[in-house]
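Report on the structure given below.
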Amino acid sequence: MSFESQEYNFNKLTEEEVTSLGLAYDYASIMHYARNTFSKSTYLDTILPQEDATHRKRPEIGQRVRLSEGDIAQTNMLYKCPKCGKTLQNPSGVLQSPEYSANAIPPPEGEHCEWRITATQGERIILNVTEIDLFKSENCDTDFLEVRDGYWYKSPLLGKFCGDTKVPDVLISSKYRMLVTYRTSANHNAYKGFKAHYEAICGGDVIQEKGILHSPNYPEDYWPNKECTWRITVPENHQVALKFQSFEIENHDNCVYDYLEIRDGHESTSPVLGRFCGYKNPDDIRSTSNKMTVKFVSDRSVQKAGFAADFIKELDECKGEHGCEHECTNTLGAYKCECRIGFELHSDGKKCEDACGGVIEETNGTIISPSFPDLYPPNKICIWEIIAPPQYRITLNFTHFDLEGNNQDCEYDSVDIRSKMADDEIRKHGVFCGSRLPPLVTSEGNSLRIEFSSDNSVQKSGFGALFFTDKDECATNNGGCQHICKNTIGSYACSCHNGFVLHENLHDCKEGSCSHQMTTPNGEITSPNFPDYYPSRKDCTWLFTTTPGHRIKLVFSEFELEPHQECAYDRIAAYDGKDDDAPTLGKFCGSKVPHPILASGNRMFLVFKSDASVQRKGFRATHTTVCGGRLLATRDMSHVYSHAKYGDQNYENKEDCDWIVQGLNEQRVRLRFLTFEVEHEQDCGYDFVEVYDGGDDSATNMGKFCGNKVPPEFFSSGDTLMVRFRSDDTINTKGFSAAYTAFDAPIDENDDIMERYHL
């Protein structure tokens with residue numbers, strides 16, 4: 001009720017906005033209104049139940065437990081649901097018209113009732129109408145009992161009955177739903193109506209081209225003590241194919257408890273195609289004719305989720321034109337070609353060719369990738385092992401090569417080549433991919449292993465290679481060589497350790513000159529006769545020279561000289577210049593590996609001396625170049641380059657170089673760029689060159705440059721300029737070259753420094 005004194009606060013709505021469809025207010029509804037629902041002011045109540053006259057207590061409004069009778073009545077009225085009938089979900093039951101009971105009085109306007117019967121997936125419904133007593137209307141239009149194969153009023157009709165129409169013994173749904181509709185018209189209430197019994201069953205005759213089979217109650221646990229038999233029939237001249245989507249039936253080694261049995265036909269004596277239980281999906285099953293029987297049995301104990309399977313009509317494509325060179329195997333909805341032992345399928349999926357891989361003992365021959373020169377197949381692994389006689393070597397020469405990849409990252413398709421030594425040691429020659437021909441490969445023993453692998457994506461034309469064997473003269477007595485024997489095709493060649501030269505007999509080695517000029521940007525040096533002991537009374541020198549503006553860096557990886565506290569016997573000495581008159585960078589001996597040695601300029605001089613007594617293994621070291629450093633400007637023109645390989649290659653990524661150019665005797669410095677090509681960006685944020693009017697970046701910045709435009713000429717205000725070069729990790733280009741000199745021009749304190757930069 002509303003408060004009469006608060007009618008001004010009551011927000012009255014129209015019937016289009018809210019209505020109870022003429023039914024009384026339902027205090028027990030779960031769809032109740034709050035106390036202030038229709039209030040214009042949210043702080044004042046508009047709905048309050050009247051007090052009970054006996055107990056002087058207001059009843060509760062609403063609840064949240066279940067639908068009330070009023071909720072159900074209002075919902076049925078809103079959606080025009082029949083007043084009688086219900087949804088039936090039990091495995092079996094009885095349904096009857098309201099007036100079937102002798103005491104029931106039908107309404108004068110007639111009856112309209114609907115029963116929706118629902119079984120579980122994998123079951124069907126059998127309806128047995130035991131009694132029927134209806135008015136016989138023309139074509140059963142007004143008074144009837146109607147049964148449909150589904151839940152909808154337009155589902156396939158199983159039967160419509162009235163009067164004394166004979167009803168079939170049973171009506172069977174094709175799936176797990178059935179709709180039963182009962183309708184009578186006005187003033188025909190002298191008839192008793194009907195009574196029927198229903199039951200959910202599984203199995204039956206299935207005559208379809210395709211369909212789905214489920215165990216009862218799938219995907220929930222199947223019922224105990226159940227036996228279901230499906231007799232599947234597809235069109236003539238076809239087979240029945242069964243493919244399982246899921247499978248979980250109580251497990252037993254012999255499947256004696258719960259099981260699924262499949263027979264090749266409809267007879268109890270038809271051959272058994274399989275009896276299954278457990279948790280693994282059975283393989284696809286195919287009948288030999290157009291008939292198959294599927295039988296499911298459960299006992300009274302353990303229940304599981306059951307099974308789901310698709311069946312389709314299947315045609316044996318292998319009986320027609322299939323194009324397979326060797327053998328055709330039928331599959332569900334398709335077919336595949338297969339090859340006899342010793343052969344494998346071509347990438348066209350039809351032809352057969354010699355199987356790839358295997359052991360080869362011929363002295364020469366050819367190996368090719370599968371299907372060469374056509375595209376090789378995906379997911380292929382082929383291994384060839386070429387075995388030559390003892391003391392022979394195998395040479396592999398690729399004549400064609402085209403694999404997925406870029407020859408640097410061979411993670412997809414690849415050719416892996418290894419030598420197998422006599423002691424089963426494996427030595428790797430390389431892994432190759434891309435379109436670049438691999439180099440000539442010669443085994444280190446008499447066995448060479450070639451492994452080709454492809455993934456499941458891109459395919460290319462593959463490879464072709466020739467192989468031949470050649471006797472390894474070096475395998476016996478080192479070929480007569482005193483130091484090193486290298487096998488060549490049809491012959492061999494002797495060579496000597498560092499510090500020795502080959503004798504005129506081409507086998508022996510004698511001590512040679514030990515003076516070396518090193519002009520490459522990087523490389524390796526060793527002591528004489530390394531890794532064997534160096535000779536006595538040896539005096540060796542190395543002069544390292546690199547591009548101006550870059551410094552020499554020497555890093556030792558192995559070091560073992562005769563020890564002495566002052567290195568008076570055997571030693572290495574490094575000098576920061578072109579000879580031993582330059583400043584000393586260090587003197588080393590013993591077995592402790594020296595720290596990296598870095599020159600201040602583009603030259604380093606290294607001296608190795610041994611005395612007449614103790615000898616050791618010696619040393620191994622690598623030399624590289626480092627950009628930047630201090631440069632002395634004189635009146636003679638000198639040059640600086642962006643990187644050591646300027647003119648041959650672009651500069652590297654992540655260059656970080658600072659050159660400090662200082663004038664001789666406090667002279668000023670003149671800097672002029674001769675060539676300039678640095679990655680362009682509007683603000684020079686990627687690669688750039690900066691010039692500072694001083695010895696560090698706290699000095700005045702004279703400009704930041706990138707692109708292809710040559711910067712202006714620079715003149716220092718003091719005796720020092722600094723040039724900074726930076727590159728990022730992406731684009732790199734040619735770089736720059738610059739010339740610098742020193743000059744004595746006086747400094748005018750009133751001169752504008754920016755004009756002196758010519759900017």
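The backbone N, Cα and C atoms fix where each Cβ goes, glycine too.
Annotation comment: TrEMBL describes 1-82 as domain 'Peptidase M12A'.
Taken from TrEMBL, the feature domain 'CUB' covers 84-201 (among others). Confidence over the domain 'CUB' (84-201), given as mean pLDDT on the 0 to 100 scale, stands at 86.
TrEMBL lists 202-314 (among others) with the feature domain 'CUB'.
The feature domain 'EGF-like' is assigned by TrEMBL to 314-353 (among others). Within the chain, the domain 'EGF-like' (314-353) has long-range Cβ neighbours (under 8 A, six or more residues past its boundaries) at 234, 237-241, 243, 284, 286, 370-371, 374-377, 459.
Around Cys328 (disulfide bond), the same-chain residues six or more apart in sequence whose CB sits under 8 Å from its CB are Glu317, Cys318, His322, Tyr335, Lys336, Cys337, Glu338, listed in sequence order. The feature disulfide bond is assigned by TrEMBL to Cys318-Cys328.
The feature domain 'CUB' is assigned by TrEMBL to 356-470 (among others).
When the domain 'EGF-like' (470-510) is classified with DSSP, helix, strand and coil residues number 7 helix, 17 strand, 17 coil. The feature domain 'EGF-like' is assigned by TrEMBL to 470-510 (among others).
Residues annotated as domain 'CUB' in TrEMBL: 514-626 (among others).
Across the domain 'CUB' (627-743), DSSP classifies residues as 3 helix, 58 strand, 56 coil. The domain 'CUB' annotation in TrEMBL covers 627-743 (among others).
Residues 390-393, 395, 442, 525-530, 532, 534-535, 538, 540 of the same chain lie 6+ residues outside the domain 'EGF-like' (470-510) yet bring a C-beta within less than 8 angstroms of a C-beta in it. In the three-state DSSP assignment, the secondary structure recorded for Cys318 (disulfide bond) is helix.
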